[in-house]
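Enquirer: Structure below; questions to follow.
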Amino acid sequence: MQAAPAQTQHAPLAPHATVPTDQACRDRLGRPLRDLRLSVIDQCNFRCTYCMPKERFGRDYPFLTAQQRLSDTELLRIVRAFVGLGVEKVRLTGGEPLLRKGIEALVEAIASLRTRGGKQVEVAMTTNGSLLARKARALRDAGLGRVTVSLDSLDDGVFRAMNDVGFPVARVLEGIDAACAAGLAPVKVNCVVERGTNDAQVLPLVEHFRGSGVTLRFIEYMDVEGPRGWSQSRVVPSGEIRAMVERAHALLPVARRDAETASNYLLADGSLKLGFISSVSHPFCGDCTRARVSVDGRLHLCLFATSSVDLRPHLSAHRPAEALAEAISQAWQARGDRYSELRAESRAERLASGKRQYPTVRMSLVGG
Ligand code: SAM
Ligand code: SF4
Ligand code: SF4
């Protein structure tokens, strides 16, 4: 396992209780800007084979330096601008967000912002859970509302092989328990299913989380920049995963809420809520209301976009806050990305050529 990276010392945060107001911001396809996914670090203590394979993300990999990473004050400025444009939910991600020093202070500052409607901004986090057992309570106290923990297997051998740093599954399970005990509810558990690697773990995960209050979500393996060996044949479509569950349990569909990425089901006895995220087999670009900002201050309009907008020129202390909001708003209004839909439309062609047709960006930089 790698040690937590050193961080620069940042000035104390100055949270603001109010934010500037603006009109609702919609992109070219009419999708409103609703959520922000903020990647707070590009490094990780895992080397999940589907995200940061060791052979590509080795010791000499050029991760962002401390100087290239935005300070908490700069990140907060960005969040404030998004909130002013109507964003109400901020998800912190990475790399591994809990490796960022002082993450609790950042959570606290974001949670102290108010939406345009005067509500507290919702702060959530996606984490690999490795440091959650000791941090869950402090994060909750800082204002974190919800947490999603990635967990691909209950079998320790399979889990260690997938995180590829030999991290034991028991410690992630402790983290999930600590998150539940701290009230970071509803705790969600995300499992990326890869054919031939962990597809036999679907039912054990279902059985393990029945009655726990946790929502279990299965994610199709995506062709993001990172995994070298991605191929369509290693994707287990959600329909197939659901059929595996249905051989053991009856499922009841749950109505989908607006802009929700998962199709949700309940085990008929009510003991577990399940979600299926079908970004490969059933893309949901039409509902994609999420902006992503990486820790180097770049705005990514799509998980698969190769170009991004540099927000750093608008972050200096003498630039007005409005300039940053204007840059974000303009970029969003010009957005027409719908990569997953295009991929689905061109699948036959791609399968014939055996190649990906569209370039992608590093998942550990943009944060999923
Ligand atoms: N390190 C944290 C974690 O693992 O939860 C946060 C960052 S990680 C990039 C965010 C999410 O992306 C995780 O749930 C992970 O499983 C998912 N992910 C990474 N690579 C993926 C891939 N190739 N296909 C589908 N999901 C992927
Ligand atoms: Fe790290 Fe998360 Fe990527 Fe795994 S999925 S390598 S835990 S960033
Ligand atoms: Fe959103 Fe891009 Fe994913 Fe489509 S492919 S759902 S536009 S991030």
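Just so it is clear, glycine is given a Cβ too, placed from its N, Cα and C backbone atoms.
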Enquirer: What does TrEMBL list, out of Arg31, Arg37, Arg343, as binding the same GTP as Arg91, Thr126, Lys188, Arg290, Ala291, Arg292?
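Expert: Candidate in the recorded GTP site: Arg37.
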Enquirer: Going by the S-adenosyl-L-methionine site in TrEMBL, where Gly95, Ser150, Met222 are listed, which of the candidates Tyr50, Tyr265 is also part of it?
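Expert: Of the residues offered, the record points to Tyr50.
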Enquirer: Would you report the average pLDDT that the model assigns to the domain 'Radical SAM core' (28-261)?
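Expert: The average pLDDT of the model in the domain 'Radical SAM core' (28-261) works out to 95.
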Enquirer: Would you list, in sequence order, the binding-site residues among Cys44, Cys51, Ser150, Met222 whose CA lies within 10 Å of the CA of Arg292 (GTP binding site)?
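Expert: Checking each Cα against Arg292 (GTP binding site), there are no hits.
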Enquirer: Ligand 2 is in the model; which of the binding-site residues Cys44, Cys48, Gly95, Cys285, Arg290 have a C-beta less than 6 angstroms from one of its atoms?
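Expert: Checking each Cβ against ligand 2, the ones under 6 Å are Cys44, Cys48, Gly95.
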Enquirer: Quick one: of the binding-site residues Thr126, Ser150, Cys285, Ala291, flag those whose CB is under 6 Å from ligand 3, and say none if nothing qualifies.
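Expert: Among the binding-site residues listed, those whose Cβ sits under 6 Å from ligand 3 are Cys285.
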Enquirer: Enumerate in sequence order the binding-site residues Tyr50, Ser150, Met222, Cys288, Ala291 whose Cβ-atom distance to ligand 1 is under 6 angstroms.
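Expert: Correct list: Tyr50, Ser150, Met222.
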Enquirer: Tell me, if you would, which residue among Cys48, Cys285, Cys288, Ala291, Cys302 (binding-site residues) has the fewest other CB atoms within 10 Å in the structure shown?
Expert: Cys285
Enquirer: Considering each pair of residues in Arg37, Arg91, Thr126, Lys188, Arg290, Ala291, Arg292, all listed as binding GTP, report the largest CA to CA distance in Å, no decimals.
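Expert: Max span of the GTP binding residues, Cα based, is 21 Å.
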